[in-house]
């Protein structure tokens, strides 16, 4: 499945048949020799919500919250006939519960939890960075030449700055394009590469840019590396936030493990 270019292997595991090792997950997510994906999602049953999203990064290990993965999980649930018990879908992801709704054909709006740990003035080598946690940790740096930037090298250097980020971080480079719009490129921890989109990074970018006065609208259009646009809406207190955009089933298949 693809969430604005962020791609995932999604498996219906409601019967609990799959107990994948991190080696199996990594092999499946490896491009050219496996299926290839930024992460893997096991959709499982939940006692308190409509389903549980069990998310693993491409390195095979459990990941923190994945915004585009959450939107894809909701669209997948819709496709396999799971219907919300209330007005919105409710699903577990890690220790938290999220709400989301299908807003159109292949379109999902995910309601995010409030951000935490805003930090400014972080000097990572030559980069002046900001930081916020939107369910996953995100460093943010502003540039004027986003298309020419070597995200793999520069993002990797910031991601591995142990003094600032002992557990590592995702890294987002932003270019403001309008009072209500920006472009973003993201180096993702756990994928260890640039991805075509990052949902929690997109939310982090919009919130940080509004907080710093770089955008003035509380509805921000974010163009990701794939060329698609994600929408981030929020109130002034940043305790009501949503991420909305495309979520598509690209193909179905089987694999022998």
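Backbone N, Cα and C define each Cβ position, glycine as well.
Feature annotations, courtesy of Swiss-Prot:
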- 6, 57, 67, 68, 170, 188, 189, 199, 200: substrate binding site (BINDING)
- 66: active site, proton donor (ACT_SITE)
- 198: active site, proton acceptor (ACT_SITE)
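The residue listed as 'active site, proton acceptor' is 6 Å away from residue 6 (substrate binding site) when you measure Cα to Cα.
Cα spacing between residue 198 (active site, proton acceptor) and residue 189 (substrate binding site): 11 Å, rounded to the nearest whole number. Within the same chain, residues at least six positions away from residue 66 (active site, proton donor) with a Cβ under 8 Å of its Cβ are 6, 8, 39, 55, 93, 136, 199, 200. For the substrate site, the Cβ centre of 6, 57, 67, 68, 170, 188, 189, 199, 200 serves as reference, and the other residues of the chain with Cβ at most 8 Å from it are 38, 39, 63, 66, 69, 136, 186, 191, 195, 198, 201. Residue environment of residue 198 (active site, proton acceptor) contains 34 other Cβ atoms, counted within 10 Å of its Cβ in all protein chains.
Around the Cβ of residue 67 (substrate binding site), a 10 Å sphere holds 29 further Cβ atoms from the protein chains shown. Under DSSP, the residue listed as 'active site, proton donor' is assigned to coil, being neither helix nor strand in the three-state scheme. Annotation for residue 189 (substrate binding site): same-chain Cβ neighbours under 8 Å, separated by at least 6 residues, are 57, 136, 137, 159, 168, 169, 170.
Of all Cβ atoms in the shown protein chains, 26 besides its own fall within 10 Å of the Cβ of residue 170 (substrate binding site). Across the annotated binding residues for substrate (6, 57, 67, 68, 170, 188, 189, 199, 200), the two most widely spaced Cα atoms sit 15 Å apart. Residue 170 (substrate binding site) falls within a strand segment according to DSSP.
For the recorded site, residue 6 (substrate binding site), the DSSP three-state label reads strand. Put plainly, the binding-site residues 6, 200 were compared by Cβ crowding within 10 Å, and the winner is 6.
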